[in-house]
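Reviewing the structure listed below.
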Amino acid sequence: MPLTSFPPGFVWGAATAAYQVEGAAHEGGRTPSIWDTFCRIPGKVRGGDTGDVATDHYHRFREDVRLMSDIGLGAYRFSVSWPRVQPTGRGPASQRGLDFYRRLVDDLLAHGIQPVLTLYHWDLPQELESAGGWPERGTAQRFADYAHLVGEALGDRVGSWTTLNEPWCSAFLGYAAGVHAPGRTDDAAALRAAHHLSLAHGLGAQALRAVLPRRARISVVLNPNDVRALTGSAADLDARRRIDALSTRIFTGPMLRGAYPDDLLADTAGITDWSFVRDGDLDVIKHPLDWLGINYYTPSVVSAATDNRPSPGPSAYPGAGGVVFHQPPGPRTAMDWTVDPSGLHELLTRFAHEAPGLPLAVSENGAAYDDGRPDGRGVVHDPERIAYLRGHLAAVLRALEDGVDVWGYFVWSLLDNFEWAYGYSKRFGIVYVDYGSLARTPKSSARWYGEVIRTGRLPAAG
Ligand code: IFM
């Protein structure tokens, strides 16, 4: 009998990130992050958009918590803005900055919503980037100091902690492809950044463990890539192996097993000798986790190149020249990402197998569509998003049925928000945001999600 309802106690949440929603970029002593700088480089962000105002969550968080409560959310996954709570990336914390998060967390708790806090969702203080950024080892130690400050300040009221969100994006979109802040295109620097992000995770987890109560749960959130080979040929399977190493095993190797995969080291040997990995680093990185977050949107399909055409420009996969990406078949979202829930099932069962006993959460999943404005009755109809969520929640149910320990699901995102290099042109929210008035309107997907939460089941399609 297929499972038709989610287990009692399953946690239903929604996620956001500081730079994407907070705004108030120049308030309360906050200094610029790499994203404030990047947004001001002409041509980097669509429409010249910035996170200066975003959804103004900083001022409107009480309204947003009310919306979460109306939907019936049990958890809110948000991130702390590093330059808001430690403006130069070093030294003492800003109490004004921390007070914002104290107020937010207290309001969540007053509404019975569990806070799930991410320390780093891509907004490195600009001062630290000017000192070298993630390719520099010192940035990992700075992160541990910052983790200590936030842990000390909020540990009495936040039970669930994540060190980093999607370090792959920070390292490879930021330092190799250059399409995210800080916009560098240096393959060797990107591989160093990846290692120092992992080290930051390990040192940060140690720092948190030292200050948090025993009951606190510590995690990292990854965006593992469900990579498929275009054909079963040896060359295409090898292309798949390379991309798997460069996107997923580069983090899960050190974090879960305490070692970099040999094939990754071999594939990147022409770029770096990895001498930046020092004795003891891998033990630090393999810090025990209480749960692992998996962000999933779409799978990848790859093949080996059949000609010697030069690569079209900087790539997010250093060491994988000769690998061609193909659009997977199926319907697409407004990001042009193929909708394929089987990838989520695949990843959940993979990590249940690779990290036995480690509880998993779907820490982000959702879709951008070109939603219209609220209609005359104030309704935003988003049937495609409902179909997307339904399909992916059914994949979670299948994984639960297969015995995978998944404790929660977080839709990305609570609100329409700043979608990085796409600016405000892509809407991922289950709540519509009018960027003129900043008014919020729950979409029909928010009502649908509320129904799933209330009943613990997926309503029949229709
Ligand atoms: O908006 C992002 C989020 O910040 C990280 N994960 C993917 C989302 C959609 O692109």
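Using N, Cα and C of the backbone, Cβ positions are placed for all residues, glycine too.
Copied over from TrEMBL, here are the features:
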ACT_SITE  Glu166  active site, proton donor
ACT_SITE  Glu364  active site, nucleophile
BINDING   Gln20, His121, Asn165, Tyr297, Trp412, Glu419, Trp420  substrate binding site
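Distribution of TrEMBL features across the structure.
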| residue | record | CB count, 10 Å |
| --- | --- | --- |
| Gln20 | substrate binding site | 26 |
| His121 | substrate binding site | 24 |
| Asn165 | substrate binding site | 24 |
| Glu166 | active site, proton donor | 24 |
| Tyr297 | substrate binding site | 23 |
| Glu364 | active site, nucleophile | 25 |
| Trp412 | substrate binding site | 24 |
| Glu419 | substrate binding site | 20 |
| Trp420 | substrate binding site | 24 |
Measuring Cα to Cα, how far is Trp412 (substrate binding site) from the residue listed as 'active site, nucleophile' in Å?
5
Between His121 (substrate binding site) and Glu166 (active site, proton donor), what is the CA-CA distance rounded to a whole number of Å?
8
For the substrate binding residues given in the record (Gln20, His121, Asn165, Tyr297, Trp412, Glu419, Trp420), what is the largest pairwise C-alpha separation in angstrom?
18
Hey, for the substrate site built from Gln20, His121, Asn165, Tyr297, Trp412, Glu419, Trp420, who else sits with CB inside 8 A of the CB center?
Ala17, Glu166, Glu364, Ser413, Asn417, Phe428
In three-state terms from DSSP, label Glu364 (active site, nucleophile) for me.
strand
Using C-alpha positions only, work out which of the binding-site residues Asn165, Glu419, Trp420 is nearest to the residue listed as 'active site, nucleophile'.
Asn165
Pop the Cα-Cα gap between the residue listed as 'active site, proton donor' and Glu419 (substrate binding site) into the table, whole Å please.
15
Could you state the whole-number distance in Å separating the C-alpha atoms of Trp420 (substrate binding site) and the residue listed as 'active site, proton donor'?
14
In Å, rounded, how far does the Cα of Glu166 (active site, proton donor) sit from the Cα of Tyr297 (substrate binding site)?
13
